[in-house]
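Visitor: Let me give you the structure first, and then I'll get to my questions.
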Amino acid sequence: MSAIKMSEKTPLLHYRLSSSTHGSGNSVGVTVDKSPRVSRKTAGKPPKKLTTFFGVIIPTVLSMFSVVLFLRIGFVVGHAGLYQSILMFLVSYLIITMTVLSVCAISTNGALDAGGAYYMISRALGPEFGGSIGIMFFFANVCGCALYVLGLVEAITVSFGISEGEAGLANPYHMLPLGYWWSLLYASAVLLLCLGVCLVGAHIYAKTTFLIFLIVMTVLSSIFASFFIVGPRVVVLPAVSGNSTQAATANFTGFKLDTLLGNLWGSYTVDYTTGSMMSFTTVFAVMFNGCTGIMAGSNMSGDLKNPSYSIPRGTLTAVVFTFITYNLLALLASCSCDRLLLLRNYSFLCNIDVWCPLVMVGIYSSTLSAAMSNLIGASRILFALSRDNLFGGVLAPASQTSERGNPWVSVLISWSLVQVVLLLGKLNTIASIVTIFFLLVYAAVDLACLALEWASAPNFRPTFRYFTWHTCALGIVGCLVMMFLINAIYASVSIVFMLVLLLLIHYLCPTSSWGYVSQALIFHQVRKYLLMLDVRKDHVKFWRPQVLLMVANPRSSTGLITFINDVKKSGLYVLGHVQLGELEMLPADPLQSCYDSWFSLVDYLNIKAFISLTLADSVRHGIQHLLFISGLGGMRPNILVLGFYDDCSPKDNLQDCVFSTGAHS
């Protein structure tokens, strides 16, 4: 008997054991899956070169700093005050820490491939959930890239833009014209630069981000030192178009108790960049973008030397470091900057630093790095989706790679979609969309880990043990609550969109061999309730017919099969069949190849029945075997129905070739 290739629908013993003799000379051969998925992992892929520091810590830290650290820390503290700012950071980091614990657990459970969070979710929850969340995560990275590009453009126009009041002044540094279309042009140029770096590949990206990381750390040290070195000064506020009555200057007071007391409580007002009234949820939406970079290292899983080692350690290190930095910076700003400065000048760090150009370089570097991180992350997710063939030929072009394995088509597609998102034009406008997308992805990661934990799956044995189902559930609840607090409409639309994608993948995509956690959960629950079904508590009032129907030729017994199905009254129903023979006289179990045909018959007749086949030297002995082995616990046959054992030709309309072999003696 030839070796049989493993597939998802093959019965367990059918592909575990066969009679073929392999090179070792054993009488029982173990068949190995030689599908394209395995060969793809071992052939034609460039070596993974990135370490924990370069592949996880640096991208994650830079993605979490970027816009919020340099351009929105004053926005957060100015509107929310110190107390609410710290509360926002605590809530945000509580949510992402629960997600990070789930990511660490899943990433240490086995080998990881390209795709980051998408790969984790799809292999844990199955293709439907994984594919829909993968698309959402892709769009989250696309919108996140646009967010950081607009943040960089905002910083450039503040430094070099010609405002309305300066139209007639000869300032050599203010040379860039302002306006919607000009800003779009600048953003497109920045995005083109990101595209160039990402097209080269992840190795060049890692080198670029390391240089940027050194710059950002230098700038950050300069900012912290400036709070202590620089004395009080008056800061000129940027002009607000259409409003000439507002104050033109504000004060950097240095460390003063009065300044701290004035910044303790919230004072929500109109955002001078969008003209919209701010609230706790809108400010939180902007601030939370400083926490959405936790997946930057996971997105690089296909380019890491050891993803299972690097992702937990690198991500946790980055989370702790950024949390401490954000809170220290908020505290220092509250003690030294008056409220007007925080509310009306989001780039105030430039004005209070020892050397202003250094901060601008830090802003440009960090936002550029975050934009590149999101762009390359989006391309990797799209590449993983196309390689898994979840959407048929729609994403087939995205699977194209260069000679060094860089998915350049996915990079181009991601770049074009970011260009479309840039048409929205305002950073704070995109912030809510980005935050909701990322929160939904984080909730899905927590759900994947929760499902694996609840299912008690024997293959879920992560080496990272600092998580429980409580942390997963808390992360899910926190993400969903914050989604609807930020914007109930956006949250509802995103969930509906995800469910539509889930249904499309369920009905259109080919069957995968990844496994479905739903089956593990069902098994876990069924086992639990079978143990609770105590036969000692049976009572005649609740007696149910539990039938074992013996069938010789199912093609001529469909009437009997459907009749018993009608009279079983929600009881156990088992279709039994005896094949004459002795196993020791045969090269392999002949019944294993028959199960598919019997299951097809059950599906075709739309009956609720189990299948139980046996091999015996006589029909009587076979029936005795089935009576002993059928059922489990309190669910065992109490009625035996004997069909007609004969060898007559079929007398029914079952002409499907599926039932022509293997389903009768």
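First residue shown is number 1, and so on along the chain.
Quick reminder: no glycine exception, Cβ is built from N, Cα and C everywhere.
All annotation found in TrEMBL is predicted automatically rather than curated by experts.
Feature table excerpt (TrEMBL):
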- 17-29: compositional bias 'Polar residues' (COMPBIAS)
- 17-45: region 'Disordered' (REGION)
- 50-74: transmembrane segment (TRANSMEM)
- 55-548: domain 'Amino acid permease/ SLC12A' (DOMAIN)
- 86-112: transmembrane segment (TRANSMEM)
- 133-160: transmembrane segment (TRANSMEM)
- 180-202: transmembrane segment (TRANSMEM)
- 209-230: transmembrane segment (TRANSMEM)
- 277-297: transmembrane segment (TRANSMEM)
- 318-342: transmembrane segment (TRANSMEM)
- 362-385: transmembrane segment (TRANSMEM)
- 406-424: transmembrane segment (TRANSMEM)
- 430-455: transmembrane segment (TRANSMEM)
- 467-489: transmembrane segment (TRANSMEM)
- 495-517: transmembrane segment (TRANSMEM)
- 560-648: domain 'SLC12A transporter C-terminal' (DOMAIN)
Visitor: Taking contact to mean three or more C-beta pairs under 8 angstroms, with sequence separation of 6 or more, is the transmembrane segment (467-489) in contact with the transmembrane segment (209-230)?
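Guide: With fewer than 3 qualifying Cβ pairs, these stretches do not touch.
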Visitor: Could you pull out which residues elsewhere in the chain have a CB under 8 Å from any CB of the transmembrane segment (180-202), counting only those six or more residues past its ends?
Guide: 50, 145-146, 149-150, 152-153, 156-157, 208, 300, 303, 368, 371-372, 375-376, 379, 402, 404-406, 408, 411-412, 415, 418-419, 422-423, 425
Visitor: Check the transmembrane segment (362-385) against the transmembrane segment (133-160) for contact, please; criterion is three or more CB pairs under 8 Å, pairs 6 or more apart in sequence.
Guide: yes
Visitor: Considering only Cβ pairs under 8 Å, which range in 86-112, 133-160, 209-230, 430-455, 495-517 makes the most contacts with the transmembrane segment (50-74)?
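Guide: Answer, by Cβ pair count: 209-230.
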Visitor: Is the transmembrane segment (430-455) in contact with the transmembrane segment (277-297), using three or more Cβ pairs under 8 angstroms as the rule and ignoring pairs under 6 apart in sequence?
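Guide: Answer yes, regions in contact.
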Visitor: For the domain 'SLC12A transporter C-terminal' (560-648), give the DSSP counts of helix residues, strand residues and coil residues.
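Guide: Per-class counts: 36 helix, 21 strand, 32 coil.
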Visitor: Which of 86-112, 318-342, 495-517 has the most Cβ pairs closer than 8 Å to the transmembrane segment (430-455)?
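Guide: That would be 86-112.
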Visitor: In this predicted model, what is the average pLDDT of the domain 'Amino acid permease/ SLC12A' (55-548)?
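Guide: Computed over the domain 'Amino acid permease/ SLC12A' (55-548), the mean pLDDT is 84 on the 0 to 100 scale.
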